[in-house]
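For N341, H372, the entry in Swiss-Prot reads active site. Per Swiss-Prot, the feature transmembrane segment maps to 22-42, 61-81, 88-108, 184-204, 236-256, 288-305, 365-385, 415-435, 443-463; the stated evidence is sequence analysis.
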Amino acid sequence: MATTSTTGSTLLQPLSNAVQLPIDQVNFVVCQLFALLAAVWFRTYLHSSKTSSFIRHVVATLLGLYLAFFCFGWYALHFLVQSGISYCIMIIAGVESMHQCCFVFALGYLSVCQITRVYIFDYGQYSADFSGPMMIITQKITSLAYEIHDGMFRKDEELTPSQRGLAVRRMPSLLEYVSYTCNFMGILAGPLCSYKDYIAFIEGRASHMAQSGENGKEEQHGKAEPSPNAAVTEKLLVCGLSLLFHLTISSMLPVEYNIDEHFQATASWPTKATYLYVSLLAARPKYYFAWTLADAINNAAGFGFRGYDKNGVARWDLISNLRIQQIEMSTSFKMFLDNWNIQTALWLKRVCYERATFSPTVQTFFLSAIWHGVYPGYYLTFLTGVLMTLAARAVRNNFRHYFVEPPQLKLFYDIITWAATQITISYTVVPFVLLSINPSFTFYRSWYYCLHICSILVLLLLPVKKSPRKKNTEENAQPSWAKKFDERENSLGQNSFSMMNNVCNQNQDTGSRHSALTQ
């Protein structure tokens, strides 16, 4: 029988028993499906052309809080406590230091909640616990604090193009703030979005901003707002296939079997490598399901439009969190990270990597580990990830240019690097799945720490070769997972900047109510 352990509603316990899934997971999926229907209703009946921004904020917030309390019970109060105290900090600390104070508090509050959940209540269990939504809220709080600091304290010439475009030039009202952090579209699974993108969506400006940002032509504004139906349908199909794969195949290929004593003693190296790859491949569909469904919910509400491609097809990937085909066909560590958990990668870039004064790669991986939680396996994964990232960068910079031509040689290079990338990624993230330190070291011992040793040798033996310098040295220093987003962010920044005066010129008594917010 499925477990009845949950802090939220037990109304769906009969359904949980029928499908043999834990009640917390059933609550999560049902609430997300409800959010999908609510999103369609929200776009149809509460469209920005039919009602005020105030009503849209209120409804989005109340629905979000209802879903939170249904899933997590009184633990959902943590969402309001974290958000509320952070808002007060923004007001009290002021624009000069709010970003630092909010960063320390929000991340600290999240860590305390994670420690309490992990070491007191639920060690070693994957569950739809309340700290999951808090991770997204933490991203939003910290992002907004930095965006307000950039927009209201720093000079424009001190900002990068993306920071300038995302900068918030006035303090949000309490309603806008809570709507941003706790709206029904993103309260359970995100994804992260910038405050300016969210406000533009609520106020009905998102479509115009995205269209004008395509090529700057005024006539683009005359286009009707595109329908998200095709994009939502496609994403729901991906969700269905991912869920089917997870329920039927994933349980047959447990990652834990990689540390089974009999398997370790009898399996050949090719067998070990093959099972390592397929077991981690089978572990990914649950993320594909959750993130793609969250993206579909936002799209169904009308949020996520990013303009048109060169063929005139509407793109609904403004806040997409992954690109499955690119992930599975990755031929480098860089390419994998570019396409996995995209919005979190953007958050890490914006609040840490771009602002770090030393060792930005190490600081970024460390922040990522803290944000994910307190399991030792997370830290082991991210420490290994630093080593693998630096080694992969060194190999790429030293050898890739030898395999560009002819096409046959490049194909051979792509096949080899695909296999190496998939094994390296799998090797790196095993502790992330196993969670505990002893099983993680058991796995690495069974592989004789071979990839750790190879990476260290690569860093010691290969000469340091940097990529060709760009005009902006700060851009040149960006991590692999960050560079891909520059063009997109710059474009969005220009779009947002073009709307800046409209935002700043809102009436004073609306502006006086504004205070603080996040990503």
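Just so it is clear, glycine is given a Cβ too, placed from its N, Cα and C backbone atoms.
Of the ranges 22-42, 88-108, 236-256, 365-385, the one with the most Cβ pairs under 8 Å to the transmembrane segment (288-305) is 22-42. Put simply, of 61-81, 88-108, 236-256, 415-435, 443-463, the stretch with the most CB pairs closer than 8 A to the transmembrane segment (365-385) is 415-435. The separation of N341 (active site) from H372 (active site), Cα to Cα, is 12 Å. Beyond the ends of the transmembrane segment (61-81), by six or more residues, the same chain brings 6-9, 24, 27-28, 31, 34-35, 38, 109, 113, 128-130, 133-134, 137, 175, 178-179, 181-188 to within a C-beta distance below 8 angstroms of the stretch. Counting Cβ pairs closer than 8 Å and at least 6 residues apart in sequence, the transmembrane segment (22-42) and the transmembrane segment (415-435) reach fewer than three and form no contact. Using a 10 Å radius centred on the Cβ of H372 (active site) and all shown protein chains, the other Cβ atoms total 18. In the three-state DSSP reading, H372 (active site) counts as helix. The Cβ of N341 (active site) has 19 neighbouring Cβ atoms from other residues within 10 Å, across all protein chains displayed.
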